Amino acid sequence: MFRQWLTLVIIVLVYIPVAIDATVLHVAAPTLSMTLGASGNELLWIIDIYSLVMAGMVLPMGALGDRIGFKRLLMLGGTLFGLASLAAAFSHTASWLIATRVLLAIGAAMIVPATLAGIRATFCEEKHRNMALGVWAAVGSGGAAFGPLIGGILLEHFYWGSVFLINVPIVLVVMGLTARYVPRQAGRRDQPLNLGHAVMLIIAILLLVYSAKTALKGHLSLWVISFTLLTGALLLGLFIRTQLATSRPMIDMRLFTHRIILSGVVMAMTAMITLVGFELLMAQELQFVHGLSPYEAGVFMLPVMVASGFSGPIAGVLVSRLGLRLVATGGMALSALSFYGLAMTDFSTQQWQAWGLMALLGFSAASALLASTSAIMAAAPAEKAAAAGAIETMAYELGAGLGIAIFGLLLSRSFSASIRLPAGLEAQEIARASSSMGEAVQLANSLPPTQGQAILDAARHAFIWSHSVALSSAGSMLLLLAVGMWFSLAKAQRR
């Protein structure tokens with residue numbers, strides 16, 4: 001019994017930095033922009049590449065664990081995660097940091113299925129296994145929720161690379177404990193890896209996201225954007241066709257023909273897009289516009305984190321009493337109303353109103369997330385429960401990556417359209433200041449004080465307006481989705 005719970009402690013320890021790294025850079029965005037000279041586009045890639053790559057790699061890494069055993073996979077993933085953290089901490093350019101974040105994502109994609117497989121292999125009794133899974137889930141949601149606060153504390157007192165360096169001692173301790181105490185398991189050599197399918201999916205996702213970002217930025221010619229978009233769409237279509245044709249697919253695409261499962265996947269992605277995208281937007285506004293430190297920004301956003309953490313048990317009861325359809329659509333509708341309210345809130349003078357709306361957003365979005373889990377797990381056939389769970393995991397990670405991309409694009413587009421810069425700037429300076437808030441601040445710091453202050457004032461006014469546009473747009477999309485989900489789930493329940 002002692003060895004079982006020691007294994008759980010080891011699993012939880014290694015999972016903590018994986019969960020935190022998904023959100024820890026949200027409050028670090030302004031710091032990275034200034035320190036590395038990252039453009040707005042580079043900043044989005046630094047943050048969202050982690051979730052996008054992890055979404056495509058988590059399933060084949062799970063298959064690799066079946067082949068070599070979860071202990072070896074945990075050792076391999078932990079080692080890669082630790083080395084990538086060390087490399088990321090001493091990045092001197094945005095491109096290098098993006099590359100190390102890719103390696104971090106691959107390491108994390110090994111760790112997540114290894115920890116779940118470890119729990120299944122270690123806890124034979126259902127009661128103990130469910131308890132262990134509950135601890136694992138709490139650590140995952142808690143780590144992601146408090147990532148911005150932890151990042152803020154570290155940035156307040158240490159070098160920005162400390163948000164990555166903190167992973168290294170944790171990994172070293174876990175690797176030592178794993179080697180000494182975790183038993184080795186026999187692998188199944190016949191398990192297919194589907195690495196080619198995973199690479200195809202990741203490239204398709206990255207090409208589609210890249211084409212969307214560059215189209216709205218207007219940095220490339222129309223034919224280059226069209227070619228990138230078409231290539232991504234063709235690769236995605238080829239991936240789907242391959243999954244349907246093979247006898248042992250990476251993703252069981254036939255599960256998407258079930259209306260409730262499809263609705264659950266959409267809800268999971270939407271909830272993650274909402275929470276992650278909002279955190280990134282808020283972190284930038286609080287620091288760039290209102291002058292808060294990273295730590296103060298993390299504290300200001302606590303209502304979202306706390307409310308989302310406490311929503312689980314309450315939302316579970318609500319699903320049982322009110323039904324999946326009402327909780328799911330109600331959660332999205334309340335999230336939309338929260339966005340509308342926050343779009344009209346002045347964060348410098350209406351803090352209590354902002355905190356109340358953020359708490360409502362955290363609770364409602366997390367409730368929709370729990371409803372999505374209930375929908376997927378309840379609708380999936382027993383023999384396909386693992387495949388359904390894998391799809392849900394991918395939806396979470398993909399939603400996190402898309403949340404950063406979507407909110408970043410909305411913010412960037414409205415910022416560029418609304419900024420009114422002072423006269424006397426060269427064309428290159430105008431293009432740079434109009435690109436993003438971070439680049440406007442970089443330019444202002446390089447110019448004489450009077451001219452720099454005029455640019456800062458213009459950028460802050462534009463960012464506040466852009467914040468309202470982005471939140472209102474997101475609220476409208478959520479409201480339309482809630483209406484669509486209401487009718488979709490009604491049709492599914494009548495079948």
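Including glycine, each Cβ sits where the backbone N, Cα and C put it.
Features reported for this protein in Swiss-Prot:
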TRANSMEM  5-25  transmembrane segment
TRANSMEM  44-64  transmembrane segment
TRANSMEM  73-93  transmembrane segment
TRANSMEM  96-116  transmembrane segment
TRANSMEM  135-155  transmembrane segment
TRANSMEM  192-212  transmembrane segment
TRANSMEM  220-240  transmembrane segment
TRANSMEM  299-319  transmembrane segment
TRANSMEM  327-347  transmembrane segment
TRANSMEM  357-377  transmembrane segment
TRANSMEM  391-411  transmembrane segment
TRANSMEM  469-489  transmembrane segment
_Proximity verdict for the transmembrane segment (220-240) and the transmembrane segment (299-319), three or more C-beta pairs under 8 Å_ = no
*asked:* Using a cut-off of under 8 Å between C-beta atoms, tell me which stretch among 5-25, 44-64, 96-116, 391-411 contacts the transmembrane segment (357-377) the most.
replied: 391-411
_Best-contacting stretch, by C-beta pairs under 8 Å, relative to the transmembrane segment (469-489) and drawn from 44-64, 135-155, 299-319, 327-347, 391-411_ = 327-347
_Short question: most Cβ pairs under 8 Å with the transmembrane segment (327-347), which of 5-25, 44-64, 73-93, 299-319, 391-411?_
299-319
*Which residues of the same chain, at least 6 past either end of the transmembrane segment (135-155), have a Cβ under 8 Å from a Cβ in it?*
8, 11-12, 15-28, 31, 115-116, 119, 162-163, 166, 279, 283, 293-299, 301-302, 304-306, 308-309, 312
_Segment proximity, the transmembrane segment (391-411) to the transmembrane segment (192-212), 3 or more C-beta pairs under 8 Å_ = yes
*Given the transmembrane segment (5-25), which of the listed stretches 44-64, 96-116, 299-319 has the most Cβ pairs that are under 8 Å apart from it?*
96-116
